[in-house]
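Everything on this sheet refers to the single structure shown next.
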Amino acid sequence: MSTPDPALGGTPRPGPSPGPGPSPGAMLGPSPGPSPGSAHSIMGPSPGPPSAGHPIPTQGPGGYPQDNMHQMHKPMESMHEKGMSDDPRYTQMKGMGMRSGGHAGMGPPPSPMDQHSQGYPSPLGGSEHASSPVPASGPSSGPQMSSGPGGAPLDGADPQALGQQNRGPTPFNQNQLHQLRAQIMAYKMLARGQPLPDHLQMAVQGKRPMPGMQPQMPALPPPSVSATGPGPSPGPAPPNYSRPHGMGGPNMPPPGPSGVPPGMPGQPPGGPPKPWPEGPMANAAAPTSTPQKLIPPQPTGRPSPAPPAVPPAASPVMPPQTQSPGQPAQPAPMVPLHQKQSRITPIQKPRGLDPVEILQEREYRLQARIAHRIQELENLPGSLAGDLRTKATIELKALRLLNFQRQLRQEVVVCMRRDTALETALNAKAYKRSKRQSLREARITEKLEKQQKIEQERKRRQKHQEYLNSILQHAKDFKEYHRSVTGKIQKLTKAVATYHANTEREQKKENERIEKERMRRLMAEDEEGYRKLIDQKKDKRLAYLLQQTDEYVANLTELVRQHKAAQVAKEKKKKKKKKKAENAEGQTPAIGPDGEPLDETSQMSDLPVKVIHVESGKILTGTDAPKAGQLEAWLEMNPGYEVAPRSDSEESGSEEEEEEEEEEQPQPAQPPTLPVEEKKKIPDPDSDDVSEVDARHIIENAKQDVDDEYGVSQALARGLQSYYAVAHAVTERVDKQSALMVNGVLKQYQIKGLEWLVSLYNNNLNGILADEMGLGKTIQTIALITYLMEHKRINGPFLIIVPLSTLSNWAYEFDKWAPSVVKVSYKGSPAARRAFVPQLRSGKFNVLLTTYEYIIKDKHILAKIRWKYMIVDEGHRMKNHHCKLTQVLNTHYVAPRRLLLTGTPLQNKLPELWALLNFLLPTIFKSCSTFEQWFNAPFAMTGEKVDLNEEETILIIRRLHKVLRPFLLRRLKKEVEAQLPEKVEYVIKCDMSALQRVLYRHMQAKGVLLTDGSEKDKKGKGGTKTLMNTIMQLRKICNHPYMFQHIEESFSEHLGFTGGIVQGLDLYRASGKFELLDRILPKLRATNHKVLLFCQMTSLMTIMEDYFAYRGFKYLRLDGTTKAEDRGMLLKTFNEPGSEYFIFLLSTRAGGLGLNLQSADTVIIFDSDWNPHQDLQAQDRAHRIGQQNEVRVLRLCTVNSVEEKILAAAKYKLNVDQKVIQAGMFDQKSSSHERRAFLQAILEHEEQDEEEDEVPDDETVNQMIARHEEEFDLFMRMDLDRRREEARNPKRKPRLMEEDELPSWIIKDDAEVERLTCEEEEEKMFGRGSRHRKEVDYSDSLTEKQWLKAIEEGTLEEIEEEVRQKKSSRKRKRDSDAGPSTPTTSTRSRDKDDESKKQKKRGRPPAEKLSPNPPNLTKKMKKIVDAVIKYKDSSSGRQLSEVFIQLPSRKELPEYYELIRKPVDFKKIKERIRNHKYRSLNDLEKDVMLLCQNAQTFNLEGSLIYEDSIVLQSVFTSVRQKIEKEDDSEGEESEEEEEGEEEGSESESRSVKVKIKLGRKEKAQDRLKGGRRRPSRGSRAKPVVSDDDSEEEQEEDRSGSGSEED
């Protein structure tokens, strides 16, 4: 029995209660195990908490089951229909029904879903059924406490608990409640048709209390409120009823508080179902409000099988007789009532059979049978036949579905009951009784209806208006809301964008800062810091470069080690051989200081030999010692003396060194260890007691340990010896110059250079001394030779190879600095050179000075001498690895030690640098391609983009420097010579005279030079002359127009001069540059500034001499024609302190090398060289050691001219040199194409940019040339005086020629020039009939290699003569072949053959060329073709002819040429027009139509090109018709104008064609040499200009075409 729990509001709890056992609940589904109704499960259920899977039967008010409530509805409905609504019983029943739905104070009524989920309980839920004759058969049944409708106890219950149970005050007192309950019970019994017991009747009337009678009331509903604990019933159970075995006996679990068995927890009234707690005693703490979705139980009459047995572990068995502590067994309160009743009816009526019990028993048995059958079916053997097994499976599944079907039916019934009940039906009005309507009511109803309608209409309108207002308001709100939202979003977006922008800016700043820091560390050569930053950035490319650098340097280090080891082994072998020979002879001849036997003719016979007195030990050295030649005679005269053994000084040292090296060689892989001297404890540099010797040790160690990029700690950490330290392992300190050097003291940086050169010698290495020009490379070389002679006892022979122009300078320097050194200047005529042979054979000399030419020519003499040292001045001459000089030196001359002197080691290309290194150290620098690829395209192998950014470029440059550092020493003037005055360079723009402007314009546009017509016997009428090499002609015009002889002759005649030479003012008025010089030179002479004036062209120097003579300037001239012996004299004359010569006129190529002209402080470069290094060399003739004044370099440049392009190209090349490398710019395999494009760009018209090309005025020029304020003021005064003087002159002329001064034949408009050009073309076609002058051919008749070879072998003139003969013979042969055929007999096929041939030579075209068309016809053709080419699509603006201009080559599109037999394009058509192949417009039309048909054949129909070709056909037809119509209407004059234009354009196209195709013509001239074709080269060799070269043309060509190679 359950009692109410006051704390938890009556949460039901399991407890022993009388009853027949658990009510079978609905199962969730079929179970494969035994059914709950089986014998097994019925026999042994154990009490415990219910399973969560079993539903709780919902209960009605006061604990009545829900089905009773539904039964109560039936009488209520019948009473309502009979009109008994006023009956008090009806109201009571209605109140009870309402309570079942819930009143105020009991929470809201349950929703239909809740009702549905609660379902309807089984009638077998409790043992106290109305018709049950026995109270209970449980383990402990006894008198119970009855409970009322609210779940409160009827008697003896705690009022407080009751108050808590109902959760609110009640209007009834206890007696009224008892009476009400009794009335309800009585109504139920009456509704079932059962008699009312007497005590119930009395309780209904309120006469007697109810509780004592409760056990005897069979229909009393089970209590619905649980007690505080599962206490036992107070009395023993009457043993008058017991179930048979297997139907629930003592082992059955006692029913729950509401007659619900354990496993089906009851539900408190008016609330949702409550779950059972998990443990047996934990229900006190269980929450009362936790909902649990429950499955509704089976309807009445369908008993469910008993719940399955709960395992003992999950629900411990509760003994039936246990009682809670503190709850004593209460005596039954019913005893007095029993006694009183027994007095009235002493014999109790026997109870009848309860049909419900019988039904229940029947159900149990059915369930048992079903469970048994399921078990049988489950245990069937697996060997059954297939059909039997199928039937058994069907039966088993059907039996398992029983509970599911029952549940489904129950849910259907529940839904039907709910939907048909009075209170829950949809239409409540259907149950009302209709009322009869009277007439008055109808009227009233009508009136009310009208009022209602009016009211409804008003309300509708009002509602509609409110609706509209609400819509409008909503629109406003909507807009406002979205405006605010948009504003917020915009603010947010702006904030986010600002945030990201700030973040990005910060990130960018940080990246820039890191990059700057990286660059700073890179430039500061902080390798460790730079590598750290690279690791932080994770830049793979930079890391890859560094890794490559390390690998390459490691390889080179190993190669250097091997080279040095090989040299040491060679030396040792030689010495052993020598010792063996001496031992074999048995006697030791007089040994010279170099360890070799001496004789009278020995080259060291005049050097002192150290001798020692045997007894006293006195040593005689220097002047006291005997000469090597008279040693034996001296020893005879001075007995007791003998030659001092070398072991005391050099020999022992060298032997020890050899032994040490021998020991060190086998262990090259060991980690580097410091030498013995360095292992000595070096004092702390910061301490005070550091002696001078210690300080020197510290500095030496620091100097040796520090490489260019690696600190020694890093090098040691990596286990690598520093690359530089390996190369210069043997160090020797040089503090002062040799005693043999007199007449001057070396500067400190020159001493350092000497030390580096000595280090190269000691380490068996060769190198490049690349100090900037003017730092004294010659002096340092002389210092090395004297040092080796004095300290190393190496007296030569030394071979010094120099340019002819500097040979006299070298001889002068030797005489000045080392007069004791015996030198031979090997030069002159063959007879003079032969005179030196005896001296050379005797070896009585130390140094031989000679030139490149004689090295090659006289190799049979010079190569026989075993040279100790080979020194090449201007070493960049060796930059071509295949040049004759390099090959001769490598193959014929024996010189283990080599030294190159150069001021420009890295000119333009990387292979050139490799060639120098390969010449010096062939064992280390073997492969050019590896070297070039490593520096040129480091990323070519990785697949990444090859272009390099600035940082990568600097890394590459630095790794190149790193490779070069042991072998190359380069110091700049600004670094080593602080006392050297600065050098300032200005580019001064010069204007053109009117004559220059006219000539320049026509030469640039048409490639023609205007003449006065005298060459055609049309003197005065004017004419044109087509010249080759347009750029060269443009440069000449910029320099001076009188460089063209016929122009000067014509002008001299025009101006009234005789002899064809212009003199006086008009010399400088004709040229802008000369006019500028005329303003500058007087000022420089007035302020005692000596001037070096460098020109490219010797003919210009001649004109300048005329000008100097006119102005009275004293000058000296040196060019390629100046003899070598005269050069020294010229230098001496100019450098004399009181020399009257203030201008030295030099050619850039001949006078730019190796001359000391430091007495001059102004350098004027009249015209720039293509190679900027030539100009730099020229500048450094003045800016060199010994210069006292600030040097001004004035570079003259004509505005808006080709000179500006040359200057730009030179600057670009210089930039390449400064950086050493820019990726991709070295690999100039396509240089011919680039050169062609560059020439074409120069020849095209460009817009004049006046602002940029401003010609400086007098004041600006004065600022450029003045060294200080006083000079500037003087120059300004001189300008003022000059202007005043000119103003006073009555015959005053402007400083530059103007157009009105020019003769009429030179002032021609473009049309006239075109006409004259066309006439000249015609004359060329038909022949002039008179002899023609020999034309100067400015193209190279020889290739670079051939020319260089000719220069080296001295056979230039013979080879050129041979080429000329071959040319003429070939021409004669061609003329004889062409003789029989005439233009008139040539056929169409011949035309095609001619058209396919390319013009193979310059000059006059072949005689068989077709006769020209009439100019008018040519004009028409050009006009038609131009119109077709220029036609554009009106919609897209696209030029249709773009793809038809030039066909792709056969290599690019071979399939086109396979398909199309006669390919033609507009370029070919234009060429045929120029060559007069078309004799009529019909011929032209055929080719244009063929072009379009070819396009239509090759391309798909409907493609863009196909459609374009159709359009072009129609365009051609329409243009032709239009032009023919115009032609008919035009007059004779217009025809003549067209003729002039046509001929002009023809000549223009011819000249451009000739200009652009220089490379092709060079190939053609190669063929003239008997068809010998040399393999093509990626980069052509730069020609060597011989200083003996006297031809002006060669000089000009070198400056023009030769310089294109740079």
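Think of each number as a place in line: the chain as shown, counted from 1.
Here the Cβ of each residue, glycine as well, is placed from N, Cα and C on the backbone.
The ATP binding site annotation in Swiss-Prot covers Asp771, Glu772, Met773, Gly774, Leu775, Gly776, Lys777, Thr778 and is backed by sequence analysis. Around the Cβ of Thr778 (ATP binding site), the number of neighbouring Cβ atoms within 10 Å comes to 21.
Taken from Swiss-Prot, the feature compositional bias 'Basic and acidic residues' applies to 74-89 (among others).
Taken from Swiss-Prot, the feature compositional bias 'Polar residues' covers 162-173.
Under the heading compositional bias 'Basic and acidic residues', Swiss-Prot lists 1388-1397 (among others).
The feature compositional bias 'Basic and acidic residues' is assigned by Swiss-Prot to 1559-1569 (among others).
The domain 'QLQ' annotation in Swiss-Prot covers 171-206, and the record cites sequence analysis as its basis.
According to Swiss-Prot, the feature domain 'HSA' maps to 452-524.
Annotated domain 'Helicase ATP-binding' per Swiss-Prot: 758-923, in sequence order.
Summarising the annotation, Swiss-Prot assigns domain 'Helicase C-terminal' to 1076-1238.
Residues annotated as domain 'Bromo' in Swiss-Prot: 1412-1523. If you take every residue in the domain 'Bromo' (1412-1523) and average the pLDDT, you get 86.
The region 'Disordered' annotation in Swiss-Prot covers 1-173 (among others).
Annotation comment: Swiss-Prot describes 206-344 (among others) as region 'Disordered'.
Summarising the annotation, Swiss-Prot assigns region 'Disordered' to 569-602 (among others).
Per Swiss-Prot, the feature region 'Disordered' maps to 639-691 (among others).
Swiss-Prot lists 1356-1419 (among others) with the feature region 'Disordered'.
Taken from Swiss-Prot, the feature region 'Disordered' covers 1523-1606 (among others).
According to DSSP, Thr778 (ATP binding site) sits within a helical segment. Least crowded of the binding-site residues (Asp771, Glu772), judged by neighbouring Cβ atoms within 10 Å of its own Cβ: Glu772. Mapped onto DSSP classes, the domain 'Bromo' (1412-1523) shows 74 helix, 2 strand, 36 coil. Burial estimate for the binding-site residues (Met773, Leu775): highest at Leu775, by number of other CB atoms within 10 Å. In this structure, Met773 (ATP binding site) belongs to neither helix nor strand by DSSP; it is coil. Its Cβ taken as reference, Gly774 (ATP binding site) is surrounded by 23 other Cβ atoms within 10 Å in the chains shown. Secondary structure of the domain 'HSA' (452-524), assigned with DSSP and counted as helix (H, G, I), strand (E, B) and coil, comes to 72 helix, 0 strand, 1 coil. Residue counts for the compositional bias 'Basic and acidic residues' (74-89) under DSSP (helix as H, G, I; strand as E, B; rest coil) come to 10 helix, 0 strand, 6 coil. Shown in sequence order, Lys747, Gln750, Ile1185 are the residues of the chain, 6+ apart in sequence, with a C-beta less than 8 angstroms from the C-beta of Gly776 (ATP binding site). In this view, Lys777 (ATP binding site) is surrounded by 25 other Cβ atoms within 10 Å of its Cβ, with every protein chain counted.
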